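S.K.: Here it is, the structure in full.
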Protein chains: 4
Amino acid sequence: MTNTTGKIFSITSFGSSHGKAIGAVIDGCPANLELSEKNIQKELDRRRPGTSSITSPRKEKDKIQILSGIFEGKTDGTPITGVVFNEDKRSKDYSYLKNTPRPGHGDYTWIEKYGNYDYNGGGRGSGRVTIGHVIGGAIAKKLLEQFGIKVISHVVQVGDIKAKTVNMNLIEEKASENPVHCADPNAAKEMEELILEYKNKGDSIGGIVETIAINVPAGLGEPIFGKLDGELAKALMEIGSVKGVEIGFGFDVANSTASQINDEYYIKDNNSDNNINNINIGTTTNTSGGILGGISNGMPIVTRIAVKPTPSISMLQNTIDLKNCEETKIEIKGRHDPCICPRVTVVSESAVAIVLADQMIRSGFINPSNLSQNID
Amino acid sequence: MTNTTGKIFSITSFGSSHGKAIGAVIDGCPANLELSEKNIQKELDRRRPGTSSITSPRKEKDKIQILSGIFEGKTDGTPITGVVFNEDKRSKDYSYLKNTPRPGHGDYTWIEKYGNYDYNGGGRGSGRVTIGHVIGGAIAKKLLEQFGIKVISHVVQVGDIKAKTVNMNLIEEKASENPVHCADPNAAKEMEELILEYKNKGDSIGGIVETIAINVPAGLGEPIFGKLDGELAKALMEIGSVKGVEIGFGFDVANSTASQINDEYYIKDNNSDNNINNINIGTTTNTSGGILGGISNGMPIVTRIAVKPTPSISMLQNTIDLKNCEETKIEIKGRHDPCICPRVTVVSESAVAIVLADQMIRSGFINPSNLSQNID
Amino acid sequence: MTNTTGKIFSITSFGSSHGKAIGAVIDGCPANLELSEKNIQKELDRRRPGTSSITSPRKEKDKIQILSGIFEGKTDGTPITGVVFNEDKRSKDYSYLKNTPRPGHGDYTWIEKYGNYDYNGGGRGSGRVTIGHVIGGAIAKKLLEQFGIKVISHVVQVGDIKAKTVNMNLIEEKASENPVHCADPNAAKEMEELILEYKNKGDSIGGIVETIAINVPAGLGEPIFGKLDGELAKALMEIGSVKGVEIGFGFDVANSTASQINDEYYIKDNNSDNNINNINIGTTTNTSGGILGGISNGMPIVTRIAVKPTPSISMLQNTIDLKNCEETKIEIKGRHDPCICPRVTVVSESAVAIVLADQMIRSGFINPSNLSQNID
Amino acid sequence: MTNTTGKIFSITSFGSSHGKAIGAVIDGCPANLELSEKNIQKELDRRRPGTSSITSPRKEKDKIQILSGIFEGKTDGTPITGVVFNEDKRSKDYSYLKNTPRPGHGDYTWIEKYGNYDYNGGGRGSGRVTIGHVIGGAIAKKLLEQFGIKVISHVVQVGDIKAKTVNMNLIEEKASENPVHCADPNAAKEMEELILEYKNKGDSIGGIVETIAINVPAGLGEPIFGKLDGELAKALMEIGSVKGVEIGFGFDVANSTASQINDEYYIKDNNSDNNINNINIGTTTNTSGGILGGISNGMPIVTRIAVKPTPSISMLQNTIDLKNCEETKIEIKGRHDPCICPRVTVVSESAVAIVLADQMIRSGFINPSNLSQNID
């Protein structure tokens, strides 16, 4: 199994839903970044279950402990290990899952591949492992912040309810004001009602999460393999439940012409010296989502992911009893999210931030060893 | 720059549109696979321009030469180098592009990142570099074939014209019967007309290409990072012009409930012995597109990519003169594809095949060194 | 910083001498290997200081805790996290090192590269970080054991005292009988006296550690890059204090002729069927140390490393005061090993075992996901 | 098979002794480095056989052709492909080797691992594949030159003849003046005689090659895995025939005390401002060979490799007939080097230069995309 992602700034994730702990080792973060457990805890709290009526009621404090990598309040260039010990496990709930894979979950493929499967709460297949992503994302975001880069996520669709476009500068604030994390307050209200409706039915509903990165410099990514959009697509598709990834105009390009969507260049800002390196170039539209030919162009990077409805539902479903080799039915007990999109927002931010942090170093914008060499 | 993809079965791609040659080194292919230049030429011919009224009229034979890796008609485990020398270059056409980036192309980001840019025909940013992908894909497909795995692509949408669903077993044959490579003959005819309409306008149109892999065993991919869908998303997004990737139900999951789309298990085939290893398990639906929890489940793997309209259009567009630091207009000359989807089909097949070949080795289904150790 | 080694079976190491914890995440170990904390503790105890008069008197229990990756007594294919919490820290001892790098240590290069340096006990530059190697090595050895492969180390030289050759089957037992871990009891006694002599002088002495792997199948490693000897050389050179690595005859080949050292082939064992696959081929000598053309040939793999004298000595040494920009002198306080070779034995075994475990998977001898698929 | 080395600046090597061509793709070289075929040819000519009475008489021009990566005389950031077509093949000489592995060569392990073996001239196991290393090395050296770094090799031992120490600044010139490439003219003469003596006997002799890199900045490499000495050890051990690698004092540390070999610091150069960043720190001795704690310290990097006698000798040797499953004898025909050390010098330089170029980029000293961003 491979549990590491990132070429220079990398995350090695470990742990399972009902084991001792979940965590991640973040390697390749340059020294001299101020970092504390608070910076990470703040992000973990956004992912935590039990915070509203539309998330799973599992009670977990998800308290972070940093075991290594920080010296006198700053990163020292060594690997940063963040660990969350599991508390509210209730593993007795899960024994009936041992031989009957849940439809829509990874149980069956896991058993098929590894043989020995920790079925408690989905084991390492649980959404709970995204704690590792969020630890990594929190550090990546702190690093990107030093260079003015901001990564923000919001829910733009739940079922058939679509949010209206919101000014980019308001998204973060507006999305934080409701449990759905949708920046359009009217849509947010409708989405919440829809989610509760499915919750009451014992069913769940999908949606779309948009993630935007602003102030990303032109020049991240590579033109053939290692494209910035390729790395983002991988990182976003690796979030459990994601079945589609779009950059910029996404699938709408299929029914567009080049004359409609080619982003034309203009001079945003021309300093008096007429030196091309000091001229700020922009595009009048941003259908490319900030990436052209695999490389960022300085415009906001815009990604969207299609998130499927949580497969854990209380309705009776057909499956196989792998022990007795016969078809059977399953009713999944336990505590589920009727729509996982709100909790996915911070995970999507993390995925994007990790890719960007890695690319900022790989592309020579951040010194790989020592942050003060950038600043001084 | 990174021009290598794949962990074990890997492709290192090189060359540019108007340089001496384009090619790829395929490494990690086990020894004892029968392979000839014909196997690769066949696939290159599907990508070649100038084959119909709806593709670019550039005349290139794209003749493959294998420089290494084959001994007595079989791979010998050493790196396979395939090279195509460029012939119909006409580089005089391109000098006006030196300082004026074309909207929708990678010119601007390339200049920004690398400084020294071969602007002839798009240089290495040209779609012509997918020759490298196709060489790699041809070898990957030959390897997968030994294990009964088949990868096929077809165009399912151009502009607002969508193809009707076609029986999976007929797609390859039907799609080969028309220049659009659409398996629905009626839609194909309409698509062709639409493409010619945009060609005449000097504009271009986007579309969607679907790629399906059948007979893929359960167990490819990994559950967290290194997910099979993550690797596929990366490989597909790394095809130039792709702005979105879907697996299975894709973006339709956003407006679906779990009770609608959870794929339920059933026993396809129970050999008399009731041993679970000899029972063939399937799902009644395949909204997952053959991948659950990042791992293949034995059902067909279904991907779709959104392909943007070719940005090279003859209409006048706004851009920047980077030398004189002023806004200007550009009219792109030369030979373009009014819809690149038909030619993308073989590239998408290649991308998927390369990922699957790599995963078949990484997941222990194919011996990494010597194919005869699988067969004997 | 990169703290991961291994392509499939990999170790990500973290932690520092006087931080909260030291440990490692072992990824890519197939599921279904029986594994407990005892298996790891046994090896850590061999590395632990304070066990004899010739090792550092620092008191550490080095008690392992496994945080993830084991389910019902067996690996489940997920990353295995092993952690040792630091106890006997005494960090007050080290403040005087903040700005005065110790000769022969990595302090100066660390400060130069990372800026923020945890100088307590050498921080992450301490030999204590080999706890991570040993955790990984213990798991690798357990895995290799299933395939009959054994890795053993012994001290063959300390100062000018060289051990006599000992029968390969007796090395492990004999080396465990004395604190120097030398398999020749007479030499061991002399070495111990020599070490104590230097200890009393406040000085230290170097030596040579040999590591042998037996029952390694022919076919590990690759012929150009990724050579088995290349991987071993890297892993062994990455043990702190190592300044030289030899395979087989090593530096003695410089003064040898091919007619003297070419290992000639013979048939060790010919089963009646005369099928080449059932014939056991050996070489009459093993100057190659079990590796030819970068690939194992089935003979014992023999490596030797040159280990420098521990640079921490109590004698006065010249150095630089980096704060005041002037030359100064340093006297290193604290608890040191007068000869680190005895404690390096288990680290060298670990390094070799990790490389072999990785290669056994990469070369197709061990199923990457599920050990039972090898055995059943 | 893996034929790629290097993390950012990387070489993918391909081809075999008697196939169509041998070459390499060099990726990750920043744009704007002036580079021509001449720069590479010059280095290939140093590796070429047939240049003196003590090298193999095979006649090969080894003429380089660059297929990609250069635009208007400079690298453009895209992969550089260098190819040498094989000319003087004489493959009829080798058919008798098909089933009888040569002692000391990689034939047996190759057959065992890959099954399909190109036995002509050793196929890809031939020393001729180091053409790929040298192409990569030539580019790496050109890149390093821009930063004042120089890499030089010389033969320091052949058989029992050891060269006297020569002033570092004279090594390159002195070593180029004789066919042995030994910087001590008296020893060079004796070595040449010794080599001719073994040539006449149909035997061969080993030796030691030293490689030194000067003006390497402090700060290359990483402290645990990815140590600069670990990377060098791997690269050097991956040169065929190398059985040992030393850094600095190497194996002599075994019989040294810390008080003898700890390199003490002093101030080489103190600019008037007393700012530590402007003070040049050196060590009075350099037993560390320029690397401490895995990281370069600014002193010359010194490596030595033990090169075994070429195993191809005309004397009768015992081996196995793998087809008839019986012991047999072999007499190797053809053209051999009685001592390969002189030709290994440029290969060793290449290996070291490739590692340093990669590390200069990885450690933030060279911009990964565009060299002019370093210089301007």
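Cβ coordinates are placed from backbone N, Cα and C, and glycine is handled just like the others.
Sharing the feature lines straight out of TrEMBL:
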REGION    A:40-60  region 'Disordered'
BINDING   A:R47  NADP(+) binding site
BINDING   A:R124, A:G125, A:S126, A:G293, A:K308, A:P309, A:T310, A:P311, A:S312, A:R335  FMN binding site
S.K.: Taking just the CA atoms, what is the gap between A:K308 (FMN binding site) and A:R47 (NADP(+) binding site) in Å?
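M.R.: Spelling it out, the Cα of A:K308 (FMN binding site) and the Cα of A:R47 (NADP(+) binding site) are 17 Å apart.
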S.K.: Taking every protein chain shown into account, which of the binding-site residues A:R47, A:R124 has the largest tally of Cβ atoms within 10 Å of its Cβ?
M.R.: A:R124
S.K.: Near chain C by Cβ (under 8 Å): which of the binding-site residues A:R47, A:R124, A:K308, A:T310?
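M.R.: Listed binding-site residues passing the 8 Å Cβ cut to C: A:R124.
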S.K.: Quick one, of the binding-site residues A:S126, A:T310, A:S312, which Cβ has the fewest other Cβ within 10 Å?
M.R.: A:S126
S.K.: For chain B, which of the binding-site residues A:R47, A:R124, A:S126 fall under 8 Å by Cβ?
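M.R.: Cβ contacts with B, in sequence order: A:R124.
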S.K.: What does DSSP say about A:R124 (FMN binding site): helix, strand or coil?
M.R.: helix
S.K.: When a 10 Å sphere is centred on the Cβ of A:K308 (FMN binding site), how many other Cβ atoms does it contain?
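M.R.: For A:K308 (FMN binding site), the count of other Cβ atoms within 10 Å is 29.
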S.K.: According to DSSP, does A:S312 (FMN binding site) sit in a helix, a strand, or coil?
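M.R.: A:S312 (FMN binding site) sits in coil per DSSP, no helix or strand.
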S.K.: Can you grab the distance from A:S312 (FMN binding site) over to the residue listed as 'NADP(+) binding site'? Cα atoms, rounded to a whole Å.
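M.R.: So the Cα of the residue listed as 'NADP(+) binding site' lies 18 Å away from that of A:S312 (FMN binding site).
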S.K.: When DSSP states are folded down to helix, strand and coil, where does the residue listed as 'NADP(+) binding site' land?
M.R.: helix
S.K.: Could you round the CA separation between A:T310 (FMN binding site) and A:R47 (NADP(+) binding site) to a whole angstrom and send it over?
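M.R.: Rounded to a whole number, the Cα-Cα distance is 15 Å.
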S.K.: Where A:S126 (FMN binding site) and the residue listed as 'NADP(+) binding site' are concerned, what is their Cα separation in Å, rounded?
M.R.: 14
S.K.: Among A:R124, A:G125, A:S126, A:G293, A:K308, A:P309, A:T310, A:P311, A:S312, A:R335, which the record lists as binding FMN, how far apart in Å are the two most distant Cα atoms?
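M.R.: Greatest Cα-Cα span of the listed binding residues: 44 Å.
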